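Engineer: Right, I'll just put the structure down here and ask away after.
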Protein chains: 2
Amino acid sequence: MSFLQKFIDKIQKENLFQKKDQLLLAVSGGIDSIVLCELCSQAGFEFKIAHCNFQLRGEESERDEAFVKSLGERYSTEIFIKKFDTEKYAEEKKISIQVAARELRYEWFEELIASTTGKLEPTTKKFSETSNNKHRTLYILTAHHANDNIETLLMNFFKGTGIKGLQGIPVKQRKIIRPLLFAKRGEILAFSKVNSLSFVEDSSNLSDKYTRNYFRNQLIPSIRKVFPEVEDNLLHAIERFKEIGMLYEQAIQLHKKKLLEYKEHEIHIPVLKLLKSIPLKTIIYEIIKEYGFTAHQTDDVLHLLKSESGKYISSSMYKIIKDRKWIIISPHNSLQAATILIDKNDNKIVFENGELEISKFVKSDTILSTESSIATLDAKDIIYPLLLRKWKQGDYFYPLGTKNLPAGRPGKKKLSRFFIDQKLSLTEKEKIWVIESNKRIIWVVGKRIDDRFKITGSTTNVLKISFNER
Amino acid sequence: MSFLQKFIDKIQKENLFQKKDQLLLAVSGGIDSIVLCELCSQAGFEFKIAHCNFQLRGEESERDEAFVKSLGERYSTEIFIKKFDTEKYAEEKKISIQVAARELRYEWFEELIASTTGKLEPTTKKFSETSNNKHRTLYILTAHHANDNIETLLMNFFKGTGIKGLQGIPVKQRKIIRPLLFAKRGEILAFSKVNSLSFVEDSSNLSDKYTRNYFRNQLIPSIRKVFPEVEDNLLHAIERFKEIGMLYEQAIQLHKKKLLEYKEHEIHIPVLKLLKSIPLKTIIYEIIKEYGFTAHQTDDVLHLLKSESGKYISSSMYKIIKDRKWIIISPHNSLQAATILIDKNDNKIVFENGELEISKFVKSDTILSTESSIATLDAKDIIYPLLLRKWKQGDYFYPLGTKNLPAGRPGKKKLSRFFIDQKLSLTEKEKIWVIESNKRIIWVVGKRIDDRFKITGSTTNVLKISFNER
């Protein structure tokens, strides 16, 4: 089978795109992307060309841009060119040049895709002029090939990847398609020779490029000396790893389904059940990574499972809080959270029902407020962080001022019972929040403080919390 | 923490063995195994020593054996020595020298373990002389270390492994324990220097050794140039791959539970359900590999799923047979099988109920048997292979000689109905087998042939099957 036929076959068999779809080829001007152009042309696909000028190689970058522009005539098609100030972008975002180039490239592609239906501004004429665009999907085609895939796999492997990194470069990723992934470098070279294609050479020594070249020219040949089949072995392995990845994902989804309880904006996980899950570390990592936590924080979560209530760890967007027999993943944005941590230094907390103002002072003879919207508490026994959360079934406290037991202390009372005594309606009950310190409720917010935390003769420091209902 | 302390810690934390257990150290005389001896001695573990003399390096092999024998005095312990004719074994089994050495080594270890309770014959005195052996487990300790693990991982990876090969060398494998897997070569070297240990150098150029040396001295240093952390990265990756392997196994078990129906000695898998399973190839491979099928046969099974009834593929012990909406994994040993293939050239089949004798001849005027234990059939419409199997609910046929329909042909009848008419007891029904050709039952064995396959005036070739009940 000819190389062209193999190319067409792959596209059909793997259902990569339809002949009627709009194709935009990402063309650097190097051999791989030039071969991709020629294959698409010979296959009779209609396509346009996009070229990124990263302006990193002075004259050479301009030469490449001009060369790609010249393809417009050869293939009677339109060329989109975009110049990037890659160095500035990398500096501003504090990332490496190669990461910057990759981000800029794919960001531009996403833009091009987003504006599919005829709003693109090509260098020469309007993309929209092509008739009948409405029902045609726009795909971006890149020229990554089998050897790129092997090099990527090896680099990921040596960096210490999980199962994701072993699956190589995806053939189809949203609207980006890599129809040359099946082809080896040798086949591409042979095709370019037979078709007398001209292309530009990239003298770049970007460090990613450098590493790739090192793998290509030094390392892989060394491995081939002892394992002559290494490249084919790795290509087959990628296919296997993809399936292993799917099975991995299935198992993870099952564990999540068993463990995670979604409550409004939070996720509640029973600690005992989690501790019994095998393999614990990976399951924890797969749960937390979606909320911005890193692999390194997995050990912190393991530690948290055995910590006291109120301990927590943070990512940029979320907190993971230990709350008695649960760990709770809760957004920092407290307006959405149903479990909020109050630290020692917090003086204002905004939550669903309103605002809390928190202050501390030394007890004086000033008469303390008795309003139910203000809690004045003995600071002595209060342990931080406090937890502000919705009440739940099973909650109890020692309500201040209820009938004393024979021993002279108020009795322990379930909140559900307390609400009945207070004649709260269902709607009112649903809106009740509590503040907890070290597993003990200190205040049923806006209703009653706990007797154990009341101001007494021996109190020296007072914690005052005022509730302003929304 | 000292290296010795790390060693003891690892053993305790990972619960590798108890101080009271019997330890037999596999000692080649090289630096790694000598360090293992010294560590066990300094840790206060009681141990004995086993040495394999593979007789592959002439004088050097004898030197090593003598050196290991000399350790008996140093550690006041017993030494077990075994000489192997490795070359002869490799030749006889047609395997490489390094595979032979590994097999011989571990076979001997298994023997030593099997004869734990004091039946071992040491070179000098009886292993059994150690008192109180009864409740002590015997473990074999080998000196594999972290760098061995990295090298094994890399070799497996380049050979194109699945998830199993990425999990490195197991720390504990039945009774074989590798307590040095945590240690890097540098630590072992440092410990041997501080303790002024003598050891022998192995000049071996076994190809496995050669490959390892190449990895150690050439490849890994080359990778380190671009990824300085590569060794630590790979050690961490092994830990992750172990957990990925567990999740993979969980997902596979779930798929098997959904797909496999165990029927006596056979496994029945519904084709439609299997075809819907994702990822199909890996699931098929995981099902069939237990029955001696190779990864390469996965594609054959994929093909079989879409083939006609009666097609099959074989491993040394099993057949996988397509039978209408099922594929059936069935042992070759037909006495155990409940689904047996009859090929064109078979003339005798032994099965649970007895024997079938099969012959073909040209129709003559000889009077054909009418005994129900003999089927005489028109060979014309019979398609091979035939399936001999137990009858099942839903089976039907066109029994010869029952009341004709208006059209002059006997009616289609369910086997269950036929058995009622025949007044068969439950026990009798349970013993009924049928022979099927291309999804049509041609004979209810020992009971009645199908009308569609009867001998007629136009018959030229006859297929005769005689049933001799056991």
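Yeah, the Cβs are placed from backbone N, Cα and C, and that goes for glycine too.
Since the structure is predicted, the reported quantities are computational estimates derived from the model, not experimental observations.
Pasting the feature list from TrEMBL:
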type	residues	note
BINDING	A:SER28, A:GLY29, A:GLY30, A:ILE31, A:ASP32, A:SER33	ATP binding site
DOMAIN	A:386-465	domain 'Lysidine-tRNA(Ile) synthetase C-terminal'
Engineer: Going by DSSP assignments with H, G and I as helix and E and B as strand, what are the residue counts for the domain 'Lysidine-tRNA(Ile) synthetase C-terminal' (A:386-465)?
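Structural biologist: Within the domain 'Lysidine-tRNA(Ile) synthetase C-terminal' (A:386-465) the tally stands at 15 helix, 30 strand, 35 coil.
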Engineer: If you skip the near sequence neighbours and keep only those at least six away, which residues in the chain come within under 8 angstroms of A:SER33 (ATP binding site), Cβ to Cβ?
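Structural biologist: Expected: A:LEU25, A:ALA26, A:VAL27, A:THR142, A:ALA143, A:PHE199.
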Engineer: Taking the Cβ of A:ILE31 (ATP binding site) as the centre, count every other Cβ atom within 10 Å, in any protein chain shown.
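Structural biologist: Excluding its own Cβ, the number within 10 Å is 21.
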Engineer: If you count CB neighbours within 10 Å, which one among the binding-site residues A:GLY29, A:GLY30 has the smallest count?
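Structural biologist: Looking at the binding-site residues A:GLY29, A:GLY30, the Cβ with the fewest others within 10 Å is that of A:GLY30.
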Engineer: Which three-state DSSP class does A:ASP32 (ATP binding site) fall into?
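Structural biologist: For A:ASP32 (ATP binding site) - judged by DSSP and reduced to three states - the answer is helix.
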Engineer: Including all protein chains displayed, how many Cβ atoms other than that of A:SER28 (ATP binding site) lie within 10 Å of its Cβ?
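Structural biologist: The answer is 22 other Cβ atoms.
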Engineer: Sorted by position, what residues of the same chain at least six away from A:ASP32 (ATP binding site) have a C-beta under 8 A from it?
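Structural biologist: When sequence neighbours closer than 6 are ignored, A:ASP32 (ATP binding site) has A:ALA143, A:HIS144, A:HIS145, A:LEU180, A:ILE188 within Cβ distance under 8 Å.
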